[in-house]
Structures are given as structure tokens and as C-alpha cells.
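What Swiss-Prot records for this protein:
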{"type": "DOMAIN", "residues": "2-241", "note": "domain 'ABC transporter'"}
{"type": "BINDING", "residues": "Gly38, Arg39, Ser40, Gly41, Ala42, Gly43, Lys44, Ser45", "note": "ATP binding site"}
Amino acid sequence: MIELRNLSQRFPGPTGWVDALHNVNLTIPQGEVFGIIGRSGAGKSTLVRTINLLTRPTEGNVVVGGRDLTLLPAGALREARREIGMIFQHFNLLSSRTVFDNVALPLELAGAGRADIEAAVLPLLDLVGLSAQKDRYPAQISGGQKQRVGIARALASKPKVLLSDEATSALDPETTRSILDLLKRINRELGLTIVLITHQMEVIKQVCDRVAVLDAGRVVEEGRVIDVFLQPHHEVTRALIGDVIAQELPPALKARVAERLKTGSGHLLRLAFTGSGVDQPILSETIRRYELDFNILHGQIDEIQGQAFGSLAVLAGGEPGKVGQALAFLREQGVVVEELSYVE
């Protein structure tokens, strides 16, 4: 288990002290995939680096596996850090070493013998799907394969926790999905706790059990991923989820929708369905009852934490009174309705 207690981090700036983190409190159970999301500059990377004390917090405590890392002497802290692996956006591989030797590096530094190194590294290469590339150099493999080397290297010391700091942000969408699938498999097969930093809500949706939303160094929302997607409370969370919708709309359509919103001639709605509501004709029933025009802009059906989850972005038009009645009816049917004021 990871516990962050009253964590604050201040850095000196050109005009005074800057609060990168402010009174952060989080509890992450063993074996969970926990996401931390926020805009650029929200404090995500600072937060994840406090977990292994790469960045020592100005105030507060970091408890990992029952030990308060902030109280440990240097030698004990080095030992504790061996139980915390980390992967980064940049792969940080040594170009003069093969795939095998890059993965073996932490074990060599720990003084392991060659036989022990081979016994540890070969299964890891098999786990990440790189057995056939073990004798290649970083320049001879793809970006996704380089990140797999980074993951295997982070697992070499048999950590209980894996920290991922924007590990997929430099990868293409298909490679990102394959890396996230690998992280889920590692979590499932090794029982590893994974803390994943990202600015992409799609990444959170694909792999995480729970999520915390960070803004200006503060946790503004936290909960199960399915709950946060269905009913986001904070404006930052709503904007991040709205980005998932907006990114799917062609630029010309975004412009037309934005113009209609300015003139007040339409209502941009996000409708979220879960469970049995996904395959029910709720929308068509609403149109018939209240004589509305629904222009479907974007829709998808996905699965989050084993539950069917449907999301629609629609532009609704009709008499104002009937629009209000229709939204009330949708909510009565268990549909989560959010009226969006803009599309970027």
C-alpha cells in the first residue's frame, strides 16, 4: 500500500516560492492500477517522483509498504527504492549496450552474478515480448520496443511498485495500446501496484482502476474510473473528459457546433450510459416524446472495469421547455446528462 499524507512541495521561483504540490492525501492499495491525470504543469511528475523520493517533499509523509520513506536513513532508503521501479517518457537506454545488457544493468549494479542475471533477465524479456531482440542495440529497435526494454529493466529488481511517468506520451496510438495492455498483464500476473501519470483520459480509461485528478498541485477529484467518467464533478475533470469527445470531431464540424452554441440555437450534450442502459432505445423514445432534433456528433461503446459504458455527444434542438423536460426524462432513465458550454 502507498500512502501520501499531507504532501506539499515548494520550489524557489523568480518571484518567490512556487507550490508544486499542496496538501496531497492519497491511499493506493496493493495491486491497484492508479492513474494521476492533469493538465501540463498540474504537478503530476512532481507527485510521482515523491513516491520514491527522487523529489523529497517539503512537508508530509510518503509511506510505502508500511515504511515512511521520508524518515529512512540513506542506506535504508536505497534498499527501499529497489522495491519501486520507474519508467519514463524517454527510454534512457544505453546505446552501447544490447537489449539484454540494458535490462541487466540494475542487477549488475547490485552485484549479482552472471548466472543470476541470466536467470532473471531472460524471463523478463519473454514477459515483454523481446526474447528475439535480446542481442540488438537500441538503435536497431522501435520506440515501442525501447519502452518495453525500459519496463523490463524496471522489473529487474523485482519491485512491488511500478511508477510510470508519461511512459506512452511519445508513442503512436497503436503502440500506446500495446504498452498499456502489457502493463495490465504485468499488474495481473505479478500483482504489481502501478501508479500511472498521464495527461490523456483515454489512457486512464484503458488501464486504471481508480484515478485522481490534479490541478495546480491539488487533488480536485478522486474515485473509480467508471464513476469519474459517468459523473465528473470538478470543471477540470469535465474538461479532460470533454477533450475525449472534442478530439473526435472534425475541425469544420467543431466550428459549426461552436457557432450554434454562441447563438443559443442548440444544446451540446454529453450522454453517458452504463450497464443495461447501453442497449436500450432511450434516445429514440426521448425524441418521440418531446419532439426534439438530436444530431449525433460522436458516439462510442466501451468497457471500463468490466462494465459496458456508452457515451454520446449530441447537439439537441427544440423548444426550450421541452429540452428541459427531455433532459429530466433521460436522467430518470439512469442516463448521466452533462450540458457542455463549449467545444475546443
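Backbone N, Cα and C define each Cβ position, glycine as well.
Here the features listed in Swiss-Prot are placed on the structure.
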| residue | record | Cβ contacts under 8 Å, 6 or more apart |
| --- | --- | --- |
| Gly38 | ATP binding site | Lys44, His199, Val213, Leu214, Asp215, Val236 |
| Arg39 | ATP binding site | His199, Asp215, Val236, Leu240 |
| Ser40 | ATP binding site | His199 |
| Gly41 | ATP binding site | none |
| Ala42 | ATP binding site | Leu214, Asp215, Ala216, Gly217 |
| Gly43 | ATP binding site | Gln9, Ala20, Leu21, Leu214, Ala216, Gly217 |
| Ser45 | ATP binding site | Asp165, Glu166, Ile197 |
DSSP-derived structure type at Ser45 (ATP binding site), helix or strand or else coil: helix
Cβ neighbours of Lys44 (ATP binding site) where a neighbour is any other Cβ within 10 Å: 24
Arithmetic mean of per-residue pLDDT over the domain 'ABC transporter' (2-241): 92
Near-site residues: ATP, ref Gly38, Arg39, Ser40, Gly41, Ala42, Gly43, Lys44, Ser45, CB cutoff 8 A to centroid: His199, Leu214
Helix, strand or coil at Ser40 (ATP binding site) [DSSP, three-state]: coil
